[in-house]
Amino acid sequence: MRTYEVRTYGCQMNVHDSERLRGLLEDAGYVRAPEGDQADVVVFNTCAVRENADNKLYGNLGHLAPVKAKNPGMQIAVGGCLAQKDKASITKKAPWVDVVFGTHNIGSLPVLLERARVQKESQVEILESLEVFPSTLPTRRESPYSAWVSISVGCNNTCTFCIVPALRGREKDRRPGDVLAEVEALVAEGVLEVTLLGQNVNSYGVEFGDRYAFGKLLRACGTIDGLERVRFTSPHPRDFTADVIEAMAETPNVMPSLHMPLQSGSDRILKSMRRSYRRDRYLKIIEDVRTAMPDAAITTDIIVGFPGETEEDFQGTLDVVRQARFAGAFTFQYSKRPGTPAESMEEQVPRHVVQDRYERLVALQDEMAWEENKKIVGRSLEVLVAEGEGRKDAATHRLSGRARDNRLVHFALPEGVEAPRPGDLATVEVTYGAPHHLVADVFGSVRRTRAGDAWEAAQGQPASTPGVMLGMPTIGAQPLEPAVGGCQVG
Ligand code: SF4
């Protein structure tokens, strides 16, 4: 049996697609290569957001050339946003690549690999619009108890720093019935947490003419037995409506955590980014969310150094950060992105100025996050136990997990207490608030869940120490490779 490895870069949409790529390959008879082994098929699921995304890909392909020369049966495939953008130029630059496929036809991978093998010729197949919804393809999920559920692909916005609309096309929405059927099937398999995924979840329903579809979808998720946690990414401030806030506040299994990209606190820069909202509207949404859910944790994305940004504009961003009191933020130094309108804008900000602003922003945001975390000391939290070790110190061995507001919690287990399994829910009391995580050294109780059973079954062995789960833009630990500003899907 031929083995495979999928290497994933970029945003959650790519993490979701990579689960489909693994599902497709396993359905076609491939098996996952054991960690560290050289796989027969290496698939790159690329991101086009970073300025040096190209160099990174060609660097990796360069490393594989001699490996493939020694293993003629080996195959290399390149997919994702960079493949959608660069198309056949990838096989021109790296003729040892066997397959290039795009964001609209990930389902074609197994057939293209076979065709390349039989015809001993590289296969390049890029479609300009979606072939089938990736959600309809077989999947191999990373986590037995947490899942991504795509509700839409593509985006109708035109933010000037973003390449997504050019590479993933205009927004296409899945029918609510299909989304809910997938969620019910996942819960039946033991999943207790789902993350609804879209470039802009707030415009969900635009394609079938229902602008309140997203709020209704959240409420419908509230009726699914066994579904304990519903999250979503990413909302867009322009389309964020009151019915969504009400649905979040009134649906018990919708989590009080919101990742809402700000990008800039200057109206002049927001206009230049073509973000279609202004800072006061953004702050009003934050205020309304906090009125409806006082304990909600709000995180964001911010870009510093966007072309034309002055010190005054930057002070506008710092001011919003002070007012919004984010629990966490992805902060990005603007860098030119090939193929975006901002690439050719005048007044590109000098690197040293961008670096200085970046450091000042991070320092302020860390201070805010720390103050917010300190307020949680003494509170009892329900934690979804994750895989892997928690934060250890000389005296204490800890496990880790996510609170309902998605904060990262490291919690201690008293002597003699059986370790909860990943997927179980533990109740703990917070004893310390750190800048990017919470510590809970007062242990309460464990609720064993079907998700914990699913994890145990997936291990095929009795409960062992848990591991780290890939998840939402997290408060504390960083996911795979944060995309650069925007397109953190959204
Ligand atoms: S930043 Fe987000 S909302 Fe804007 S174009 Fe990109 S994907 Fe769409």
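The chain as shown is numbered from 1 upward.
Keep in mind that glycine also has a Cβ here, set from the backbone N, Cα and C atoms.
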Out of C11, C155, which one does TrEMBL list together with C47, C81 for [4Fe-4S] cluster 1?
C11
The domain 'MTTase N-terminal' (2-118), counted residue by residue under DSSP: helix, strand, coil:
58 helix, 23 strand, 36 coil
Taking the Cβ of C155 ([4Fe-4S] cluster 2 binding site) as the reference point, list residues of the same chain whose Cβ is under 8 angstroms away and which are at least six residues distant in sequence.
C162, V164, P165, R168, R170, E171, Q199, N200
Checking the binding-site residues C47, C81, C155, C162: which ones have Cβ within under 6 Å of ligand 1?
C155, C162
Three-class DSSP secondary structure - C162 ([4Fe-4S] cluster 2 binding site):
coil
Under DSSP, the domain 'TRAM' (374-444) has how many residues in helix, strand and coil?
1 helix, 30 strand, 40 coil
Where C155 ([4Fe-4S] cluster 2 binding site) falls in three-state DSSP terms:
coil
Counting across all protein chains shown, how many other Cβ atoms sit within 10 Å of the Cβ of C162 ([4Fe-4S] cluster 2 binding site)?
28
Rounded to a whole angstrom, what is the C-alpha distance between C159 ([4Fe-4S] cluster 2 binding site) and C81 ([4Fe-4S] cluster 1 binding site)?
17
